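Going by TrEMBL, these are the annotated features:
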type	residues	note
ACT_SITE	B:434	active site, proton acceptor
BINDING	B:152, B:191	FAD binding site
DOMAIN	B:20-146	domain 'Acyl-coenzyme A oxidase N-terminal'
DOMAIN	B:149-258	domain 'Acyl-CoA oxidase/dehydrogenase middle'
DOMAIN	B:288-449	domain 'Acyl-CoA oxidase C-alpha1'
DOMAIN	B:484-666	domain 'Acyl-CoA oxidase C-terminal'
């Protein structure tokens with residue numbers, strides 16, 4: 001990677017690493033073969049000059065950025081076509097190109113064609129009949145048509161039953177008449193909807209024979225296939241600038257008496273017959289599958305965000321020197337300040353734990369979705385509850401972690417050339433989309449409270465919540481010896497008690513005469529706290545199990561490093577919830593001080609390997625796209641280069657001087 | 001304010017308020033007279049069509065935004081000139097126009113002329129001799145010259161002694177020769193430096209007669225006063241795009257053998273005689289004054305950020321309806337969800353408490369700086385310590401609060417038309433500038449540890465830290481009865497114990513053989529935690545004292561509301577640090593549950609007045625600049641209007657379709 005000589009402070013860090021970076025990189029990539037595939041894809045995409053930017057995109061206007069993004073999206077689309085023709089279009093390649101690190105290296109503010117590949121095509125596959133798939137899929141795969149998925153509305157998000165868009169079946173012409181009856185019914189947010197897609201799956205309230213039937217998906221043509229002009233009755237455009245996702249072309253859509261043929265309703269699960277007879281779906285549970293799938297994938301994305309941010313901040317902290325520790329010594333690498341270590345190293349540890357958990361839950365999802373397809377829905381609620389709270393916790397922690405990393409780089413982190421602002425914009429978005437985090441935690445909590453009632457009745461609980469039964473049978477937590485195992489156990493004990501309190505508080509409100517739902521709302525903050533602890537207990541348990549298992553498989557040198565990562569993660573997680581620990585477990589002031597000293601000690605032990613750990617994430621310089629985080633560590637040179645690209649600096653005197661400033665300065669002379 | 005009929009849900013909230021909004025507004029503004037001045041200024045500036053934007057600035061490129069900002073800055077400058085001519089240029093007007101809410105309404109991404117007024121002019125006033133003031137000030141006041149203040153460098157920020165820029169006195173020509181000897185010595189960050197200012201105060205390491213003398217400020221001409229071209233030896237430009245402050249024209253500056261006359265060194269505090277003899281300053285303490293002044297002002301700014309963000313989110317939460325609480329009822333205003341209340345209401349309370357504390361500390365600053373001018377430096381360290389930790393805590397809490405408000409608005413908060421992204425960018429910047437927050441906390445902690453040693457020796461402590469002596473004499477906190485007063489006392493007890501632990505840990509490291517400074521670094525996380533609690537204890541105490549006093553002066557109706565605000569603030573603050581409370585004070589699980597139930601209860605009591613409380617902040621629609629937060633609450637209409645201004649939507653088909661997308665779609669046909 002390095003073109004210039006590596007900054008000596010950074011080189012020194014690499015020279016003194018105690019483990020083999022490549023060993024961990026291969027592990028991180030998912031094995032030797034995946035590692036090689038990754039490198040090959042990087043070569044194919046990142047070395048293509050057509051996919052490189054001369055001008056950093058932060059200098060483009062919104063309109064210019066859209067045009068720029070569409071151009072690159074088409075080049076990527078062309079390459080995907082080629083990969084498909086060669087039979088090399090695995091799911092991993094897709095993920096890497098559209099959502100993953102490679103996609104972010106090419107289109108860091110998002111791809112206006114992404115929803116075509118990740119929502120439009122899969123929806124037709126999942127909800128279209130065989131005939132419908134034959135009709136639409138080849139056109140969609142070949143990008144003869146470009147689609148998106150239009151569900152949320154200006155006035156309606158999470159609560160799907162509140163959607164206003166309606167489709168009325170007209171048996172006389174065998175058509176649906178689709179309308180957005182008010183401004184708040186306008187479809188809002190779909191990626192690529194603004195000016196890119198010419199088709200969409202539109203989700204609407206279905207009415208046949210004058211009766212309401214529930215939600216259904218319809219394929220609607222939005223724009224003329226030749227002129228790209230909006231079709232009659234279609235009011236469409238881009239929703240405007242945003243905190244992030246700036247290249248995605250999120251759009252709005254109003255529909256006024258738009259007629260689509262009967263066969264444009266996707267009918268795999270439910271049907272409308274030509275005369276308007278409605279055939280209800282057999283199983284409404286199936287849609288849970290997709291949502292869980294997406295949330296599991298998001299957990300891995302949050303790990304990637306933390307990996308990026310911690311790589312940038314750690315390398316910068318090895319190069320930047322500031323504020324003597326000893327006034328008689330020169331300014332140290334800022335990474336030698338303990339306060340700086342406390343900002344950086346927990347983020348590195350979280351990146352590793354979230355990745356491990358993301359992989360684990362992905363496997364769990366595959367097992368359970370296999371069971372579901374066999375008609376066994378036993379573990380669906382458990383899996384749903386887990387995916388909800390983990391999505392919320394990992395996205396919130398990752399967004400906060402990215403900001404901690406940015407702030408740890410002082411003023412320079414605030415510059416766009418650090419890439420932190422973009423990474424934050426993309427990461428914090430995950431807190432909102434695919435189920436807003438608070439709603440997610442409430443979903444998990446609802447499950448936990450139900451399970452708590454079952455445990456009280458002596459029912460046997462499924463694996464991921466069985467700790468609740470254990471806690472009920474154990475009024476006091478007695479064996480806190482500070483071992484990692486006992487921290488994990490303590491986390492579970494604490495989580496069970498948070499669920500207990502939520503349960504008891506709801507019961508109390510009910511006894512006071514409130515209904516169940518009103519009681520649950522009054523106890524909202526108890527519920528989200530319980531769900532938070534459930535997720536954190538699961539993360540602690542998974543980190544412990546998986547990293548301990550991994551340590552047995554790798555070289556002793558890497559195992560030693562992973563042990564420090566695990567201890568740092570668990571001690572830090574425990575101290576971050578120390579109020580809950582002290583509330584339910586007898587710990588003294590001295591116990592807490594000991595944990596704090598132990599944290600300091602973990603930081604000290606991680607310090608020599610910090611740079612090499614982030615090197616192991618093996619993030620290409622193009623993926624990082626950061627003057628502060630480049631592999632060669634020539635931080636100041638890269639910042640200065642980026643400044644020289646600034647269009648404002650192309651002229652020594654800006655025109656506004658003559659136009660505004662000079663007349664103002666000379667006004668009274 | 002309202003032009004359209006107010007949204008009925010919002011009107012309903014206003015109709016049911018239990019207090020007089022105007023009463024609180026006048027109080028918030030600082031009295032009847034200030035309230036009227038505020039309204040007059042708003043009329044003068046916000047109704048001027050030349051200061052209004054047709055196109056939201058988020059659609060401009062970086063270069064366009066600069067030109068746009070400079071145009072408006074000149075119009076504001078012209079108005080300031082007129083106000084001065086009329087004798088109406090009080091400090092408050094300045095603050096409002098350049099930093100405060102009015103300035104933000106006109107130039108929400110900052111003003112490229114701001115540093116001229118708030119740093120260049122004051123530095124000449126503070127550090128120039130009478131003769132130098134005569135020479136430079138009238139030109140600067142009249143804006144014949146435009147200046148900025150160039151201190152931080154690409155490689156050097158907080159640690160001033162590390163600056164590399166040097167000024168060598170050449171007695172033969174009676175000039176200083178100024179150089180930035182390396183890339184990391186380049187001046188970096190000064191506002192307006194890029195293309196706006198033609199002068200700067202440059203801070204450099206002074207050498208005379210070959211000897212190093214310390215830092216000194218020099219007036220350097222950067223650009224030709226007529227052509228605005230950079231002067232010889234000057235390498236200058238804009239540093240590029242950033243997370244926020246996008247209109248400020250932050251610049252870089254390299255100097256190569258730039259010669260300035262002897263008299264361009266500002267010599268009030270230290271002098272260089274023509275032969276190169278150096279006369280050292282009498283008192284280096286004086287520079288602390290300016291830093292404290294700025295930090296005290298920043299605390300009020302953070303209150304303003306929270307006021308803005310909570311106004312937007314609260315009004316939106318009254319209008320937005322989502323997710324039934326009772327499945328048989330329609331979707332409620334989202335403000336009826338307890339979880340939503342927990343996001344919003346603590347931010348409202350913090351806005352009020354930070355404002356009150358900011359005003360209080362401002363008065364304290366004035367008293368102490370009066371004492372300092374009299375030569376009495378007794379309270380300087382105390383004031384310095386307090387201003388450091390409060391700056392850190394209030395900026396960090398405000399930035400987090402803004403994000404909490406944004407996230408509480410779901411996807412719509414992510415749109416720039418909500419104005420949250422800009423408010424966040426401006427607010428989080430405060431965590432870094434004027435002393436990075438961690439460095440600030442360490443400064444405070446250094447003072448606390450010293451004071452702790454004094455207390456152990458039985459010395460009498462100054463008022464704001466006297467609680468430390470109290471705690472030393474009281475091994476156990478016995479009287480926690482849940483009253484607000486006892487929460488405040490408990491905060492102080494907890495803070496004292498955090499300082500104790502930091503002190504003990506440092507002593508322990510010293511006994512282990514580390515030097516004092518190395519020990520302090522090892523204990524960095526103990527130190528920042530102690531400083532954090534010190535600041536929070538002060539906030540709790542101030543909130544309690546000031547709001548209780550205020551309640552006695554206002555109408556009983558308003559007093560009632562302020563009492564709820566105070567209780568909410570204190571209970572929430574306590575629960576946010578419950579780990580520390582449980583660590584040092586005997587509280588049971590039930591005590592904590594009671595506090596949690598009490599928090600829920602505070603939220604419920606504040607609910608009916610939430611909208612009216614934020615109305616009382618009296619933020620003009622132009623100050624809020626938010627589709628979600630407008631006074632009339634026509635949220636969806638405002639969002640849609642903003643979308644219609646999007647330049648991408650001016651053409652039904654974007655040119656990139658023909659250029660890229662169509663060829664891609666038709667490629668294989």
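The first residue you see is number 1, and the count goes up from there.
Including glycine, each Cβ sits where the backbone N, Cα and C put it.
Keep in mind that what you see is a predicted model, and the values were worked out from it rather than measured.
Sequence-distant neighbours of residue B:191 (FAD binding site) (same chain, six or more apart, CB under 8 Å from its CB) are B:110, B:112, B:114, B:115, B:148, B:245, B:248, B:249, B:250, B:251, listed in sequence order. Residue B:152 (FAD binding site) and the residue listed as 'active site, proton acceptor' are 11 Å apart (CA-CA, integer value). Cβ contacts within 10 Å of residue B:152 (FAD binding site), excluding its own Cβ and spanning all protein chains shown: 19.
Cβ-based neighbour count (10 Å, all protein chains) for the residue listed as 'active site, proton acceptor' stands at 15.
Secondary structure of the domain 'Acyl-CoA oxidase/dehydrogenase middle' (B:149-258), assigned with DSSP and counted as helix (H, G, I), strand (E, B) and coil, comes to 6 helix, 51 strand, 53 coil. For the domain 'Acyl-CoA oxidase/dehydrogenase middle' (B:149-258), the predicted model reports an average pLDDT of 97. Residue B:434 (active site, proton acceptor) falls within neither a helix nor a strand when secondary structure is assigned with DSSP, and so counts as coil.
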